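What follows is a set of notes on a single structure, which appears directly below.
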Amino acid sequence: MAKPGRTPAKGAGTSARILHDGLVIASHGRHCLVETPTGERLICHPRGKKSQAVVGDRVRWQASEDEGTIEEVVPRRNLFYRQDEIRTKSFAANLDHVLILIAAEPEFSEHQLARALIAAEAERITPIIALNKSDLAEPFERAWNKLAPYRRMHHGVLPLSLKASGEADYASLMKLLAGKSTLVLGPSGAGKSTLINLLVPGATALTGEISQALNSGKHTTTSTTWYWVDEARTTSLIDSPGFQEFGLNHIAPMQLAGLMPDIAEHANDCKFYNCTHLHEPGCGVIANVDAPGKPGPISATRYRIYGELFAELSQSRY
């Protein structure tokens, strides 16, 4: 694999009218590291102030002396967002899977998990939940039981013990990920670095090379990086450090129920067509929420998360 930023890609210095195909594998600010179909890499800059390419974008770029200009972003299959207190920003595109890695310890946030699943559902990306640290018997059992609503929603939950049974976990993961582009997400302490290095030996060194090529200094928590798992470049991982709040502001409040499978299953049973599932009489969702003395298929925690997100999305529009 070519060293990033060391070898100019073929076509550099040729006619400016020629456009070349490329894949964005990393970005920092307005600098993108683009890989050509032959595996060479070069720095490119998007054309125009508002133009922005993200990791996973297929682009068409124009050569200059030693860098390039991204002239076109090929239409995306999907786009993933993150948000902070100030804004929502896209950060990865053209994904087949989102692998959400959580652990038996420390205890994971079901709210963050729900946000990630909703973001994936909105873009029609297949989510995979992986629960690490299966060697910790009691914490793992608690976490596994906590995930029961997600298993009922047909979200596969893959048990892992990355430090205790890495070889077996490698085989299990590759059965799911082979031939796909997968965004890997997870909170601190879940074992995401261990997973990345299991599937991509030397990923730490590659990250350093990419950071150097982009002049971004030390690898930061906001950088997103594409790694090839195999030499044939058919299987890839996209690592986005941290477990940020996923941007949901592009989703209208009334769309939310349709993006939560357990809620959606009962949303058509409501008396009113425009039911918010929060307070209306004859609501099919409310009637199916689990409660003391009245078991139901929708967990009380999931319904609470729905209400919180509905309020958040309603507020963001004013």
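Positions of Cβ are set from backbone N, Cα and C atoms, glycine also.
Swiss-Prot lists Asn132, Lys133, Ser134, Asp135, Gly186, Pro187, Ser188, Gly189, Ala190, Gly191, Lys192, Ser193, Thr194 with the feature GTP binding site. A coil conformation is recorded for Ala190 (GTP binding site) in the three-state DSSP classification, outside any helix or strand.
Swiss-Prot lists Cys270, Cys275, His277, Cys283 with the feature Zn(2+) binding site, giving sequence analysis as the kind of evidence. In the structure as shown, the Cβ atom of Cys270 (Zn(2+) binding site) sits within 10 Å of 20 other Cβ atoms.
Look at Swiss-Prot and you will find 82-246 tagged as domain 'CP-type G'.
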Local backbone state of Asn132 (GTP binding site), from DSSP in three classes: strand
Other CB atoms within 10 A, centred on Lys192 (GTP binding site): 25
Cβ atoms near Asn132 (GTP binding site) (within 10 Å, other residues, all chains): 28
